[in-house]
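Here is what TrEMBL records for this protein:
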type     : residues : note
COMPBIAS : 21-38    : compositional bias 'Polar residues'
REGION   : 14-44    : region 'Disordered'
TRANSMEM : 54-74    : transmembrane segment
TRANSMEM : 86-108   : transmembrane segment
TRANSMEM : 133-157  : transmembrane segment
TRANSMEM : 177-194  : transmembrane segment
TRANSMEM : 206-224  : transmembrane segment
TRANSMEM : 244-264  : transmembrane segment
TRANSMEM : 276-301  : transmembrane segment
TRANSMEM : 321-346  : transmembrane segment
TRANSMEM : 367-392  : transmembrane segment
TRANSMEM : 398-420  : transmembrane segment
TRANSMEM : 432-454  : transmembrane segment
TRANSMEM : 460-478  : transmembrane segment
Amino acid sequence: MAKVAAGDGLVPVQGFGEASRATNRRPSSGSGQLQADNTDSDSDGGGIKLKKELGLMDGVAIIVGVIVGAGIFVSPKGVLLYSGSIGQAIIVWILSGVLSMVGALCYAELGTMIPKSGGDYAYIGEAFGPLPAFLYLWVALLILVPAGNAITAITFAQYLLQPLWPTCEAPYESVRLLAALITCLLTAINCYNVKWVTRVTETFTGMKVGALLVIVAAGAWYLLAGNTELLQNPFENSKVQPGFIALAFYNGLFSYSGWNYLNFVTEELRDPYRNLPRAICISMPTVTIIYVITNIAYFAVLPPDVMLSSQAVAVTFADKMLGFMAWVMPLFVACSTFGSLNGAIFASSRLFFVGARNGHLPAALSLINVGCLTPIPSLIFLCLLTLLLLFIRDVFSIINYVSYVEILFIFISVAGLLRLRKTNPDAKRPIKVSLVAPIVFLLTAGFLVIFSVFESPTEVAIGTAIIVLGIPVYYITIHKPWKWLAARSQAINMFCAKLFVCMPNSEKMD
């Protein structure tokens, strides 16, 4: 019988979980002598843990690096399209940042109360039990994470190759092969050393912030030269219908997505009770300010019709303002997506790692390399999923079917905060937000989820079908598994332990 997460949170269940429990024993002598540094080994020698190598600024770099991807450079026009006016669009950008900050603070309470990696998966499991947690893991595994990474890799390749094909699109095969190469390269870096990952993240986060500041400086120079005509009558043609307002906020909040990624790696964050909320409080206002002033620069230089017709707003801006240096903007976009992909691979691989540790995925994905102390099997598994989606021509259309699903599960996670306040009132909460924060966020997210049903019924139906499909998968593989499944999972686990020189994770799951 499966064990339901109650006050102790998720614990391994039957099926894949049988193999997870088996990993608490050392591999047989035939697998070689597996050792780890004493400082990172479990006290009984039965496993090893991920190192706590992330400091405060590493956390800030991860949040900023994941949020600031290609979107602000390529397509910040969604908010303008549904706002109708410059003034209303700026207000939406500001309020979207504030709402994202509210959501991030709710996650700060969850992350310090439940200091486990896995983010939404861990919180949903703690609040509502293993089935809802598995459904989140199912959607993330099937679509959200690999499709998002594939799209980011393709965007990187397209903009890196653009200077070589300035008058047309780069060949399909070249884009896909370069995207596959960069995915494998970043996966290898993530496998080898967490410090390398943080250095790459910090470097490219600095580069993308620098690129946005170039845009801001050019816009400020243009305004100071007296070119203010585009900012006159900022609220002219505003769209105040509820449907348009909802769509504008939907696009704005989507541009801030990624603020919860640091919660995926809580176990690797030094002093998470202090550094998690601090990283959120530093990064979210920073991103909001940068987004707002960047959009003001766009609005000051580019007429609304030009912005709405542009395929890459930052490139169009550079063509007008940077002259012969305009060629650097595609490279800036490529650098931005490179950093975002690196952070996404690092954080999302921990989601599958924790899912396997809890018995919801094959136990091999919870193994840790004894030399590098990284979850190499989980990283390689994620890489293979991403490579598979890279060679689907319409991969961009896949993400449209489940975009509302991401908001739905964030809604469930924040609802879990209120549920845990009621069911576990005495739990240690180093950060405790006002009840106003989760209620405001839930009302906003709930409105967007409900509105999606009426605005995009086909996409919502397909996304819901993907979620529902996970229910029989859960009962077949987890709740009442086929007998051969646990044995096969254990065999794969032992093979991966030998191949990748890994040992089981010793972290307590309760």
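Cβ from N, Cα, C; glycine included.
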Positions on the same chain near the transmembrane segment (244-264), where near means CB under 8 A and six or more residues out: 59, 62-63, 66-67, 69, 71-72, 76, 78-79, 81-84, 88-89, 92-93, 95-97, 99-101, 103-104, 107, 110-111, 117-120, 123, 276, 279-280, 283-284, 287-288, 291, 340, 343-344, 347-348, 350-351, 403, 406-407, 410, 444, 447-448, 451-452, 455
Long-range environment of the transmembrane segment (276-301) - Cβ separation under 8 angstroms, sequence gap at least 6: 56, 59-60, 62-64, 67-68, 72, 76, 79, 86, 89-90, 93-94, 97-98, 100-101, 104-105, 107-108, 111-112, 209, 212-213, 215-216, 218-220, 222-223, 227-228, 230-231, 255-256, 259, 262-263, 266, 269, 307, 313, 317, 320-321, 430-431
Paired segments the transmembrane segment (206-224) and the transmembrane segment (86-108) in contact, 3+ CB pairs under 8 A: no
Winner by Cβ pairs under 8 Å against the transmembrane segment (398-420), considering only 86-108, 133-157, 321-346, 367-392: 133-157
Beyond the flanks of the transmembrane segment (321-346) by 6 or more, those residues with Cβ under 8 Å of it: 61-62, 65-66, 68-70, 73-74, 145, 148-149, 152-153, 155-156, 159-160, 162-163, 182-183, 186-187, 189-190, 194, 197, 200-201, 203-205, 207-208, 211, 214, 218-219, 222, 258, 261, 265, 301, 312, 314-315, 379, 382-383
Other parts of the chain folded back onto the transmembrane segment (367-392), taken as Cβ under 8 Å at six or more residues beyond its ends: 23, 34-37, 40, 47-51, 141, 145-147, 149-150, 153-154, 176, 179-180, 183-184, 187, 190-194, 345, 348-350, 352-353, 356, 398, 493, 496-497, 500-505
Candidates 54-74, 86-108, 133-157, 177-194, 432-454; stretch with most C-beta pairs under 8 Å toward the transmembrane segment (460-478): 133-157
